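Annotated features in TrEMBL:
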DOMAIN    83-163  domain 'Cadherin'
DOMAIN    164-272  domain 'Cadherin'
DOMAIN    273-387  domain 'Cadherin'
DOMAIN    388-492  domain 'Cadherin'
DOMAIN    492-614  domain 'Cadherin'
SIGNAL    1-24  signal peptide
TRANSMEM  613-644  transmembrane segment
């Protein structure tokens, strides 16, 4: 890779040393050469013989070159600067500035020689820009203006090619044609591509032949062999080399690895490893069970290796089926229907395996399928007995005596031995043991009478067990229907009461429809069979109701009287006989309840409850006249009072302010009873005027003054309500000057905490009373009824 590098470096160093020696031996000639080349200091003669003088330039130099990577012992002479003002007496001083001045490049201030003190690398910096100036050594004043010059670094082949993106991975289909492009690799060289062949690259293949090749100039990798098979070899490791100097000796090189993978194509048909497959299946296997598997091998991958299987011929194509297991790519043979050893003992099938996806480029390499023969042997198994039918249905009449034959089931052993069979009924299918079966003949019989209305169907199972074998059994379903016998009498469909108004109005002369009744029967009704209704013989002669059979299993109930009296009788019971007209006929007597209710004028029922009635028979005519007279007197008093109020007469008593005793004071909140000292101010019951003295009357003059008893009236804040009221009553009774008006105080709620009992009369009806009502007998005939009521109650209590 680095061959020729040492020789090249040696030659470059030798050339640099020779250049330095020549420059040191003839500096004047070099400078003079520059001066002549740059300033062209010469004289020209004019046409008229005049001598023309061309002005001289101050600086004489060219751009300088230095070779990179110089490793000699002495600094490399880059070049020499010389000014025309330099007389060589040492008064001229040269100054260097710019990139690398003083560090990389140094100048002899007397001679103007420039040397490189360090090794230069063109790949780091290709050129340097410097500024030179000649100044007076004594005064440092510029002798000429400064000028720039360039030092270029000459390239040498010191950088090998590099593959920046390696290693590489590529894929190419198998069986590709020769010259198929795989991929392109590219190397880079840091050397100067414009100088020599240092950066001129050539590609070659070091590993991977003869399968692949590479184009020298572009680096494109191509297939070199035809029909490369992935199944034979899938991966290839290829090494590519890039060499500079055009690939010649002494050039530097770099390598990279390329891993090439062959992708799969469908170039292989499926193939059975063997031509004949043998399988076996027991005759006791059920449909859908697996018989066996076979697999055709296909080395292709993915969908290129997918294989489907099918039967193409054979005597078992209707008995067996084949499917494809997508996970294992096997053909799975299953039973389509059960086999029977006694009927057929062997089957032969032809199976074909073919690719699902075929590549049209390789279709000429086909066919992409293969066939094999499958032989299936049927094995004998000890099978349970088989019933002649899959299920049985029988009928038996209800109420049939025990031991009645219902039907017969039959099963037999299908094996070659043909062993006898024993029958039995599993108890879990006939928990109450309504039936029994003959163990040898399979005849099913009843063990008790059956009731269709309780259970119309019996679903049981009968088991048949092989005797002498492996005691295998099989079961069959037996459905037994209980046939109906007319053994139930009809009855009312509903047991609701019929409500009728006591003041019922007869719309016709004889009948008024109040209800239509119907009946039900637990037995089955035959076609055109209906119920017959009639009034029971014991109620045929009643004068209240009648019945009409509608001949559609309903009957209409009519009222035959114009009204009822709830006080006389509020409930009527009408017995009705219902006949079902069956075979044998069944009848029953059902009682219809009819309740008399109170209704309004529109026959709307108001109440059907029994209410107590108080007859006014005990009141005489005189008592009624007295009650009316009292009512009239009360009305007259009310009218008189209203008339007096309208006259707006001056009040009889002179008030200094409004008399609060004429107001009705209502308290809507509940008081606290005797324990409440804040809810009500007792001062409102006091007479504000009478508390300080007598109230004068305007209509009469008092004859004497009746003073208040000292200490008789409680103070306003007193909480003894009972004493206060008694005191006020006593004062009002004994004071002749008291006004003829009462102060009405209404207490809407009774407070809590009172030790006194309730004054309400509502509880007197439900609570026992110790009062004696005998004094009512002395009130006269007008209160005789009241005295009789209370007296009767007392008498009843005594008797009890």
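All positions are counted from 1 along the displayed chain.
Backbone N, Cα and C define each Cβ position, glycine as well.
Mapped onto DSSP helix, strand and coil, the domain 'Cadherin' (492-614) counts 3 helix, 54 strand, 66 coil. Across the range of the domain 'Cadherin' (164-272), the DSSP-based residue counts are 3 helix, 45 strand, 61 coil. The DSSP breakdown of the domain 'Cadherin' (273-387) into helical (H, G, I), extended (E, B) and coil residues amounts to 10 helix, 56 strand, 49 coil.
The average pLDDT computed for the domain 'Cadherin' (83-163) is 85.
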